[in-house]
Amino acid sequence: MQRLHARYPFLSAAREAVQSADVDLVALVREGGPAVERGVERVRRALLEGTAESEERYGARAELLSYPVARVLVSLLDAPGATEKYARAEAALAQRRFVADFAEERSLRSGGETLSLGDLLADFGLSGDVRPTGDGQFDVAVAAYLRLSSGLDGEDWRLVRRRLHDGVVPVDNAELETLLREAVRERVAEGLPLTVPDPIAEGLSEAVGQLRTAVADADPPRSFTGRMEPGSLPPCMHALLDRSRDGEDLPEHSRFALVGFLATFDDLDAHDIAAIAGLDDPERVRYQLQRLRDDRGVAFAPPSCATMQAYGDCVNQDDLCAEIAHPLSYYERRAGEPSGAEEDATAD
Ligand code: SF4
């Protein structure tokens, strides 16, 4: 059971396990230790990378207790959108785990420490709302469907686009898993932000400070005014510019990162960006810009360092790279430095 609680700390049984263990949260946060470390990691990775997954192995107790610690941390952080981002990341992690568990259950390889679909539905009070109809299809009661799909993007989730009969909406296996992820997201977000007693807040003040710094970097500037300073560009953008100017047809993610980065400079239009990057298709750049800038011309943030790393676009890191989490933060920091910003490294 411990493993199950550690993997799904939002389940009712896991919450009861924490309560019955009678853990002194004040002592726990004062002492620090693996549960607090993992709690900090849960929030940091959720906000910066969109996942609450751990990079290290923690014991079941630390995993389980790190969840309430993380809920406290995200409450103390009090940053715009933090609660929602955190809940999404926890839900995404849960989905990855329950999809694997359901597959194990179906293959009858389960050793009893996996979560079954029936258990998950029961925990969320959905047993009466979801009925398997065979071949990986399910009928979901319309009220439950509407509630769980309300936060999902995409026309296909709208009720007018679905077959509706006898008060149920048919969904396939993958859609059901998405709806269950939404149920987890709802539960994780429930009650957040918490009102945190002073002794607990004091015990976590250092961790909250670290998270604040990380979040500030993760919420990079969305636009720059004035001329772009080529000498302040991060190494990854230098590299992408070089490749593009050499005539390489960049992969879509690399092109998106480069154009998205340049789109944050207010005075660059599609023609300018195409010229800087050596792209011979300004119309395609114009189309990308339309998608990247909102009605007021403010650009959506291009990929973070974590995403750039995942795609292999983070290259030639320098010392400043170790201190930031976003290429735009790099530029902001470098351009704000008193000297060296004017040196012309790449552009004409
Ligand atoms: S760490 Fe960030 S800014 Fe530095 S090269 Fe990698 S992606 Fe670019």
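Quick reminder: no glycine exception, Cβ is built from N, Cα and C everywhere.
It should be emphasised that the depicted structure is a prediction, and the values quoted were computed from it without experimental measurement.
So that you can see what the record holds, here are the features copied from TrEMBL:
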{"type": "BINDING", "residues": "Cys236, Cys305, Cys314, Cys321", "note": "[4Fe-4S] cluster binding site"}
{"type": "DOMAIN", "residues": "229-321", "note": "domain 'DNA primase large subunit C-terminal'"}
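What surrounds the [4Fe-4S] cluster site, by Cβ distance within 8 Å of the Cβ centroid and not counting Cys236, Cys305, Cys314, Cys321, is the set Pro234, Pro235, Met308, Gln309, Asp313, Val315, Gln317, Pro327, Tyr330 from the same chain. Across the domain 'DNA primase large subunit C-terminal' (229-321), mean pLDDT in this model comes to 88. Across the range of the domain 'DNA primase large subunit C-terminal' (229-321), the DSSP-based residue counts are 53 helix, 3 strand, 37 coil. Around the Cβ of Cys321 ([4Fe-4S] cluster binding site), the same chain contributes Pro234, Pro235, Cys305, Cys314, Tyr330, each under 8 angstroms and 6 or more positions distant in sequence.
The Cβ of Cys236 ([4Fe-4S] cluster binding site) has Ala257, Met308, Asp313, Cys314, Val315, Asn316, Pro327 as same-chain neighbours under 8 Å, each 6 or more residues away in sequence.
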